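Visitor: I have a structure here, written as structure tokens, and I will follow up with some questions on it.
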Amino acid sequence: MSIGHTLLGLLESGPRHGYDLKRAFDEKFGHDRPLHYGQVYSTMSRLLKNGLVVVDGIEAGGGPERKRYAITEAGITDVAQWLATPEKPEPYLQSTLYTKVVLALLTGRGAAELLDTQRAEHLRLMRELTRRKKDGDLADQLICDHALFHLEADLRWLELTAARLDRLAEEIRR
Amino acid sequence: MTATPLLRAVGLAKTYGPTPALAGADFSIRAGEVVAVMGPSGSGKSTLLHCLAGIVRPDAGTITYDGRELTALSDGARSSLRRTDFGFVFQFGQLVPELTCVENVALPLRLNGEKRKAAEARAVEWLARLEVDDTAAKRPGEISGGQGQRVAVARALVTSPRVIFADEPTGALDSLNGERVMRLLTDASRDTGAAVVLVTHEARVAAYSDREIVVRDGSVRDAEWAA
Amino acid sequence: MTLRTWARDLALGARFAVTGGRSGLLRTLLTATGVGFGVALLLLAASFPNMLFQREVRESVRAVDGSEQVTSPRADSFLHLSRTTVYRDDVISGLLLRPEGDAPPVPPGAPAFPGTGEMLVSPALGELLDSPEGDLLKERLPYKIVGTIGPAGLIGPAELRYVAHVDFLNPENLDGRGTRYGWSVPEEPMNAFLILLVVVACVVLLLPVLVFVATAVRFGGEQRDRRLAALRLIGADTAMTRRIAAGESLASALLGLLVGLGVFAVARQFAGTFTIWDVNAFPGDVVPMTALAVLVLTVVPVASVVVSLVALRGVAIEPLGVVRVSTPRSRRLWWRLLLLVAGGAFLVPLVGDVRMAETSIDAVSVVTGTTLALIGLTTLLPWIVEACVKRLHAGPVAWQLAVRRLQLSSGTAARAVSGIVVAATGAIALQMLFQAMETEFTQVSGEDTSRAQIAIGADARNSEEARRIIDRLRRTEGVTGVIGIVESSVWRPGPLEDGEEFSPRASIRVGDCASLREFATLPSCADGDVFVFLAHGAQGNPDDSFVTRTARPGATVALRDPHPHPSEPQRPKGAPLPEWHIPATAKVVDSRPDPTGMYEYGILATPSAIDGAELDEPDAQAMVRLDPAVPDAADHVRNTADAIDPTSWVRTLKDTERDAAFSSVRTGILVGSTLTMLLVAASLLVATLEQLRDRKRLLSSLVAFGTRRSTLAWSVLWQTAVPILLGLALSVAGGLGLGVVLLKMGGQPVQDWSGFLPVVGIGLGLIATVTLLSMPVLWRLMRADGLRTE
């Protein structure tokens, strides 16, 4: 996720202070990982340098979080461009899990147990997300669903691999 | 494992014709617990559910429900147990097409000998709880699939059962409706303290459970049941 | 749209019917079987007139030719006497022969002329006599069996008949003298009443078969729907799919015709094994009337096509599935009533118009009227079912399930049941017609079987012999009482008066007081008493003066005819005729109906009042009361009578011969309506099973949450029972109404209103049968297998 574009987008509705930006970001997008002030600061200075934002005013007391930023025309264009550009679908061609499975097979360890353990772990996380989704608002639900669908995809892969373990073992040992 | 299991099965085996559907499956569920039964198609999930619910008598193994040996009960006694203590939700085709929704929900109560008026009054309450009170006077053919499943959940819950058996309850629904049914089902069962045996092949549905077991080739791999 | 496209689509449908997989084939076979049995039934009904006709032909072919007068014995002449006797409930006909020369013609069907004291028997009679069943009968037919009568001499294969060579025939006791067999072959001998019956029977049979075809073409509807939808998907238009559907039912119907012809061909082989209304025919005589057969063979396939086209009327076959018109039009009453009214309009003007004896009736009106009335009733049923079911309230769960089901689709059940309405209505109407006929026969006789059950008459040479005959009857096993009298005549002595061609005559009956009381109301009676009893012109009898001219208290009467007919044997001239003086103390009393229902009149005398030896050609007449507890009492009496005199006459009061004939008709109607109703039951069963199978999952899930099997079983029962009961109610009302109209047509009163009871009984039996037969499937479907999705 591009933090720069996100912060720019948040500025579109009006000028904000640095700590405002952090709060808004955390509230809407940062459920798992809240931003550090340092991240906000470094990002904003980069945007400032590129002419995408300007400093609108500084509150007394100093410090980067006290600065009030406003978006420039160039900044607005940049946000529009970012939104219009499709994200590159993640192909996940290199997977740690796959590597683990192959290694387990090569070394004669139990690949099935590995998959089962992983599966249980995935489901544990899914249950947690489901619980959060049930208690949360729509934003929570959407975010959790996104994660749930990805986890589900992983789980399906785990299932499929488990069903094909024998053939995989054969091919690897050849 | 603090509480003793409400329903517990050991070494279940069941064969349909030449194909073994269950081969040594163990299972346990405590009161108020939601357990997902997962596994690929044909793994024996549904057969496990049918055995646990006393619909099908296993060829081997024991099933204990609330201190009673289920496999030793007569067909009549098991039927009566299903009427009073168990509730059921299936994938589709479970509502009687000629009866209105409220009559469908009232059906289990009426099978237990309750008066029509009282039964239908309670049925209406449950329909409201599952947010389908507007379907009360309609027939199953006139409502959507999601509504139908919620009516079915209402019917499963109306007798205040101690165990609800749900076999792919969202199998015929889109994800939004599926989620809604699952949320209402698990919420309602938690409120009433009913245990739920949830057969599904969908991880997202299974994620509504407290824990899951996986059936593969008729046996349960990672049985978590307490000895 | 050309004929070619029709042919192509029908052929395509026909191919689906036979190649539609296992269940498709099953459906076709099921339909074909049903249609086949219906067709066979229709063909049998259509053969009925011919069977009756052939029977007449056979009867006249084997009869002695009476058109020829043979006055004196010849080499080829023989004396003959036809005898009919009843054994238990069977009628046995016999021909007694006595050849007068050495070249008598061999009777039809006989291998050779039997020798004296020998007889030929029909295979059925031979079998009866051989079995212990026939022990009692052997006494009555004391002839040696020397051969079998072939088909040429029999009316039907099960006929009980014998031809015996006896030596006791003489010119006094014979039917006649003949030299050859074969009477003129009759014209088709059908009286109006019989035509009416056959016509109604055919309509009654045809309609259920059509209803069945209509139900049958709906078998396996869902699967067919899917197939038709698939056809639409690949580009068939609506009309085309309909024609294909019609082709499917046409194929079944045609196959059904073949089955029907097969069943008919097999069934006629057994025509001889069953006897309905004395008709028991050789297979070769069971030939359907051409017109009716052609009608059956065309109406059935055409109807199947029409019905399946009509059935698809409310259905839109779309490429992705079949859509039924969501809100079925509510059924209208007016045109249904119109049919009924139209039927009545045809029938009512005929009231009183049909004479039993007439051989032609306004068949067109009767058929049209009856058909319209029956169709009207049938179409009324769906409306009634709908109207009634709508008003039913929910009761117990089983009832609720059934009622709701009917409310949602009353049409399916009503259609299947409408066959019952036709069959039951027709059966009830026919039943009433027959009852009227039956009662008519017994009423004419007015016989009182509480007083005596069998009447016997035998010639006696004198009164002593007559008394011995009565004594022998009295001693017969199973006889509790004998009303026995010796009957003769008395004449007014003296010359003929002006205008008289013969001497006035009165009958005299001599018997004990108990017997005499059976003929007249006697104030008192002791041996030695004499009575003059008068009928006062009752039953068209002559005026009392006819009797009192001769018989009056104090009068003297001649015991021989003073002026015998010249053909009588001459008496020696001048010999005094025996005379008898009626005592002046003789009372004049009123006649009362004797046990045969007749008002007799004349003189009643106790034995010591007259010298019986003086009586002229006395007849012994007895009426016998039987002990109902003694088995075969009647046959013991008949044996005694035959032993006394093989030419005596024996008549069973309330004529059990007729009774047997009529009860066999009643059985026939019941069997026929049972068969048609079975056909209906079969279609109802198939509909129920199909419905159950369609709901396999539902049933399993109902079982899952603990529904008792009995609850579902009851629901099936109600679901079957409600439409059938409504149908029966309608049939009872309709059948009684139709019966009354048909009876009124022949000017007959209604004899018995309870004729519908057996039909209702059959209907109730059907409910039970359909329910019971659905149970195994219900049980099987209620196993949890239905829940398995994997």
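Even glycines carry a Cβ here, placed using N, Cα and C.
Just so you know, TrEMBL annotations are computer predictions that nobody has curated.
TrEMBL feature annotations, pasted as is:
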| type | residues | note |
| --- | --- | --- |
| TRANSMEM | C:25-48 | transmembrane segment |
| TRANSMEM | C:192-217 | transmembrane segment |
| DOMAIN | C:201-312 | domain 'ABC3 transporter permease C-terminal' |
| TRANSMEM | C:250-271 | transmembrane segment |
| TRANSMEM | C:291-312 | transmembrane segment |
| TRANSMEM | C:333-351 | transmembrane segment |
| TRANSMEM | C:363-385 | transmembrane segment |
| REGION | C:556-578 | region 'Disordered' |
| COMPBIAS | C:560-571 | compositional bias 'Basic and acidic residues' |
| TRANSMEM | C:668-689 | transmembrane segment |
| DOMAIN | C:672-783 | domain 'ABC3 transporter permease C-terminal' |
| TRANSMEM | C:716-743 | transmembrane segment |
| TRANSMEM | C:755-779 | transmembrane segment |
Visitor: Does the transmembrane segment (C:668-689) come near the transmembrane segment (C:25-48), with 3+ Cβ pairs under 8 Å (pairs 6 or more apart)?
Guide: yes
Visitor: With a Cβ cut-off under 8 Å, give me the same-chain residues at least six positions beyond the ends of the transmembrane segment (C:755-779) that come close to it.
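Guide: Distant Cβ neighbours of the transmembrane segment (C:755-779) are 420, 424, 427-428, 431-432, 435, 670, 673-674, 677-678, 680-681, 684-685, 688-689, 692-693, 699, 709, 712-713, 716-717, 720-721, 724-725, 727-728, 731-732, 735-736, 739.
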Visitor: Between the transmembrane segment (C:333-351) and the transmembrane segment (C:716-743), are there at least three Cβ pairs closer than 8 Å, leaving out pairs fewer than 6 positions apart?
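Guide: These two stretches do touch.
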Visitor: Quick one: find which recorded stretch in C:25-48, C:291-312, C:716-743 has the most Cβ pairs under 8 Å with the transmembrane segment (C:250-271).
Guide: C:25-48
Visitor: Report, as numbers and ranges, every residue of the chain located at least six residues beyond the transmembrane segment (C:716-743) whose Cβ falls under 8 Å of a Cβ in that stretch; write 'none' if there are none.
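Guide: Here the qualifying positions are 196, 200, 344, 347-348, 351, 370, 373-374, 377, 380-381, 384-385, 388-389, 392, 398-399, 401-403, 405-406, 410, 413-414, 416-418, 420-421, 423-433, 436, 684, 688, 692, 749-750, 753, 755-756, 759-760, 763, 766-767, 770-771, 774-775, 778.
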Visitor: Using DSSP, how many residues of the domain 'ABC3 transporter permease C-terminal' (C:672-783) fall into helix, strand and coil, respectively?
Guide: 98 helix, 0 strand, 14 coil
